[in-house]
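Colleague: Sharing a structure below in structure tokens format, with a few things to ask.
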Amino acid sequence: MSLPEKAFPVSWDQFHRDARALAWRLADNGQEWRAMVCITRGGLVPAAIVSRELNIRMIETVCIASYHDYDTQGQMKVLKSISPEIAKSGGEGVLIVDDLTDTGKTAAEVRAMLPKAHFAAVYAKPKGRPLVDTFVTEVSQDTWIYFPWDLGFTYQEPIAKGTRG
């Protein structure tokens, strides 16, 4: 796989710094979070870092598949919903965390589930930016972010090659 013209490769160190910067911004918000919902799979790594920094212990996941191939976004499919215990308040006191808000489709889907929640992402693109409350870095819509869990020294196919997003 060749890198597109506007590639933004992110190292583990860079991602860790950016996720901690997100935690700092959220801490400055002054909000007490009763729970965190991370959007899997991309939100797992920043959720681990942010939850540690903000001492959030109740962590839930929501799984929405939108990339059925590595680089092709398709129809949204909810693979795992948010627990009724977290969802019952409409998201009040809940922090949603993801790595990136790109087109905003996934964010809109989760926002509909938790309309009162605070949505945070490490990176945001212009189409998804209106749906996120807190983010660290904005990149152009035509930039492809290469996350460290997708890369080795070159692009790495997932071990389970036959699986889709």
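We number each residue from 1, going along the chain as drawn.
Backbone N, Cα and C define each Cβ position, glycine as well.
Keep in mind that what you see is a predicted model, and the values were worked out from it rather than measured.
As listed in Swiss-Prot for this protein:
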BINDING   Arg41, Gly42, Asp98, Asp99, Leu100, Thr101, Asp102, Thr103, Gly104, Lys105, Thr106  5-phospho-alpha-D-ribose 1-diphosphate binding site
BINDING   Asp99  Mg(2+) binding site
BINDING   Asp102, Thr103, Gly104, Lys105, Thr106, Trp144, Ile145  GMP binding site
BINDING   Asp102, Ile145  xanthine binding site
BINDING   Asp102, Ile145  guanine binding site
Colleague: Near Asp102 (5-phospho-alpha-D-ribose 1-diphosphate binding site), how many other Cβ atoms are within 10 Å of its Cβ?
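Modeller: Neighbour count, Cβ to Cβ under the 10 Å cut-off: 25.
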Colleague: Which is it, of Asp98, Asp99: the one of these binding-site residues whose Cβ has the most other Cβ atoms within 10 Å?
Modeller: Asp98
Colleague: Taking each of Asp99, Lys105, Ile145 in turn, which of these binding-site residues have a Cα lying within 10 angstroms of the Cα of Arg41 (5-phospho-alpha-D-ribose 1-diphosphate binding site)?
Modeller: Asp99
Colleague: At a 10 A cut-off on CB-CB distances, which of the binding-site residues Thr103, Thr106 has the highest count?
Modeller: Thr106
